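One structure is given here, and the rest of the page talks about it.
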Amino acid sequence: MVTPEEFTSRTFDYVVVGGGTTGLVVAARLSEDPSVTVGVIEAGEWHTNVPGVDIPGLAGSTLFNPNFDWAFPSVPQKHANNRVIHQTRGKGLGGSSTINFGAFHRGGAHEYDAIEALGNPGWNWQEFLKYLKKVETTAPVPATAKPEYKLASPDPKWHGASGPIHKTYATHIAALHVPFGDAFNALGVPRNADPYDGNNAGIMAMYVAIDPKTATRSAAANAYYEPNAGRKNLVLLTNALVSRIVFETGSQPLRATGVEFLKDDKKYVVSVKKEVILSAGALQSPQILELSGIGSKEILSKHGIETLVDLPGVGENLQDHPYVPTTHEIDPSNDTLDFVWDTPEVMPQHLELYKSQKGFLTSPASAVYAFVPTKYFAPNSEKIEKWKAMAALSVEEAPPALKKQLELQLKWLLDPSSGEAELIPYPGFFLGSALKPVPKSRYSTMMCSVMHPFSRGSVHISSADPKAPPTIDPNYFSNPLDMELLLAVLKFAFKVYDTSPIKETVIRRTAPAPEEGTSDEALVEYIKGNFGCVFHPVGTASMLPREDGGVVDPELKVYGTANVRIVDASILPLEMTGHIQSTVYALGEKAADIIKKHYA
């Protein structure tokens, strides 16, 4: 790491804006060539030796902390009682890979193929699989795993063996893992032994991004940057906020010549020879484009910014997974994480256990996940027909740029092999709820989420001041079909808790409390008052044809520019089933190859 004066004294071949999950992948891969120079500008710090980052069982403890989390608010959500919904984004080297819950999962093959079908040759399942494997080193099944966990040995056809990110099955699995799997199975949801082969529907055990040798989080900072930090041609500047991309006056297409940033309230400009690579994430890459004069002319002029490229797709098409929890009190003999708040004096014992790589701190809380096609949570065929009609109407009424996306979503909604909902059993009382747990009681919480929301939101600058947070409007439930689906998923979760062998351990449901009402209307009000998002924002700089609202082309180059690329989740045009971490890493790997090939 260097001072801003040292950083700006150099002219870099590439300047990467954002040292997050994808930014560090691209920087590491480009700097493999000693003849090129790569500068990385990160707004946060390099968080080293921080228990909340390194220890898997403490995942989530850094959320809302401004040192680690941008903690952006949404605007009040008009379809959800005007609630403001927290938008977590990782702040610091490694970005969200340092603060997430570790799940290392893939979308379905049909979702990767859809990216190509929307106008992006070479962006398909087979191509992604190559990079998904390149990212990872897969550990064998832990020796401590019990046969009833049904953990599949990794098939090298689907799993990587020599990548920077380590992935392993959890070594500590809560006691309810097996009965939850059995309950889903009893309701017809099939087991999926290896959901990494392009078919990711069913009940599964999920890999997590943990180095099994050390029982610590495996993330972009310690996997992609730290081993390469000694490279003379890779230069990192932290605690510096990028304010805009600087372009050559009058160039057509626009040619970036540098990046302007703020450090300790002073303004600096670093020069670039080849490219600016924007990797600030789905909520901040659009902000930087707009501050630089690229975006909707109407929005830019409102803030007094000269329009250099009128690109209305910037900041549009925002999607995320909405979720709502349901909590049940269970038999107190169960192994849950409620002791963390209930009997905190036990925590020192677990910290001691962790030193020998034992106990709950070695793993994230949840180990069993279910990705459920519509046919399992639809109450009847009449309801499916209603949803089909609502989705078809959404397609019919959509603007031309969105129509192609919604046609795919309609197809998936009716596909018996497409996971349209995710359910995650959490072993304890989930403290995100406004309710309070009863001391000495034990709980189980189910996170219920919709995978392909039909609603679309936006993120735009709120001011020409780069320090001002963007205006984020996910527009949750603007399409009423999303509420219909989330309501059905919540009711399916009730059914899981009422199915053996889980049923035998349940004492009562605490959220939503039965006394609050059991009608659909009452449950909708519960959802509006208690839902959140899963922190998987995508789509705000979509890789699509320009006429379809696209911001980047299949080479990830921003339309209207000669040498600005975007490499982060903002370019994914559609939300994916499950957790996007591994997909985003693979995106960074593929982007690095595209750039290398361009200059070969």
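Glycine residues also receive a Cβ, built from the backbone N, Cα and C atoms like all the rest.
If you look up TrEMBL, you'll see Thr21, Thr22, Val242 marked as FAD binding site. Around the Cβ of Thr22 (FAD binding site), 33 further Cβ atoms fall within 10 Å across all displayed protein chains.
The feature domain 'Glucose-methanol-choline oxidoreductase N-terminal' is assigned by TrEMBL to 90-113 (among others). Per DSSP, the domain 'Glucose-methanol-choline oxidoreductase N-terminal' (90-113) is made up of 9 helix, 3 strand, 12 coil.
Beyond the ends of the domain 'Glucose-methanol-choline oxidoreductase N-terminal' (281-295), by six or more residues, the same chain brings 17-18, 20, 70, 72, 87, 89, 95-96, 242-245, 247, 254, 303, 305-312, 314-315, 318, 459-461, 464, 466, 470, 472, 537-541, 551, 558, 560-561, 566, 568-570 to within a C-beta distance below 8 angstroms of the stretch. Residues or ranges marked as domain 'Glucose-methanol-choline oxidoreductase N-terminal' by TrEMBL: 281-295 (among others).
Annotated active site, proton donor per TrEMBL: His536, in sequence order. Listed in sequence order, the residues of the same chain lying 6 or more apart from His536 (active site, proton donor) and placing their CB within less than 8 Å of its CB are Asp320, His321, Ala569, Glu575, Met576, His579, Ile580.
Among the features that TrEMBL reports, active site, proton acceptor is placed at His579.
A count of other CB atoms within 10 A of each Cβ picks out Thr21 as the most crowded of the binding-site residues Thr21, Val242. With a cut-off of 8 Å between Cβ atoms, the residues of this chain six or more beyond the domain 'Glucose-methanol-choline oxidoreductase N-terminal' (90-113) that come close are 18-21, 23-24, 42-47, 53, 56, 59-60, 62-63, 66-70, 123-125, 127-128, 132, 136, 165, 167, 195-196, 198-201, 206-210, 217, 219-222, 225, 236, 238, 281, 364-366, 369, 412, 415, 417-419, 535, 574, 576-583, 585.
Summarised by DSSP class, the composition of the domain 'Glucose-methanol-choline oxidoreductase N-terminal' (281-295) is 7 helix, 2 strand, 6 coil.
Within 10 Å of the Cβ of His579 (active site, proton acceptor) there are 26 other Cβ atoms, across all protein chains. Note on the domain 'Glucose-methanol-choline oxidoreductase N-terminal' (90-113): its mean pLDDT in the predicted model is 97.
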